[in-house]
Amino acid sequence: MPCKSVHSPSKGGSPPSHHSVQASWSDADTYVLLDLVATQKAKAGDGLNFKTAFWNAVAAGLCNTTKGVVKSSNACKEKWKRLRKTYELVTRICNTSGFAYSLESGVNVQPESEDIWTVFLKNNKDANSFKNKGWPYYERMKQFMPSQGKGLN
């Protein structure tokens with residue numbers, strides 16, 4: 001079955017260029033990506049760095065996307081990079097003393113933990129969206145991400 005995009009054609013009647021339109025990801029699209037990563041993680045090695053052929057297969061698996069234009073292999077690879085970066089950030093939040101992270105309410109910063117949160121944000125500027133909101137992909141990614149054992153040396 002050919003790939004379809006739910007994106008409407010432009011005024012000129014031709015579909016938008018996939019190179020000029022940023023991919024939009026629904027939760028369903030993201031979970032398809034995560035499922036494909038989970039099933040193929042052995043091929044990626046310890047660092048979960050996949051080869052081009054994998055990203056081509058992921059794009060094919062997402063050809064009937066639920067949101068936006070059909071995802072290119074590069075869009076899938078870039079989404080994976082962003083998911084990994086966010087996973088590492090949420091893991092830092094979970095491992096920070098004084099925070100109680102949950103999928104529903106994030107850190108759920110209360111007045112008594114506001115100072116700790118402010119200090120944490122100085123070194124983790126992207127964390128603000130998790131102040132009172134969780135990240136739905138954390139538990140799924142935790143199942144196959146390598147442990148982040150980093151020493152002080």
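Note that Cβ sites are derived from N, Cα and C of the backbone, with glycine treated the same way.
Features as listed in TrEMBL:
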COMPBIAS  1-21  compositional bias 'Low complexity'
DOMAIN    22-84  domain 'Myb-like'
REGION    1-22  region 'Disordered'
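Averaged over the domain 'Myb-like' (22-84), the predicted model has a pLDDT of 89.
Per-class residue totals from DSSP over the domain 'Myb-like' (22-84), listed helix then strand then coil: 40 helix, 0 strand, 23 coil.
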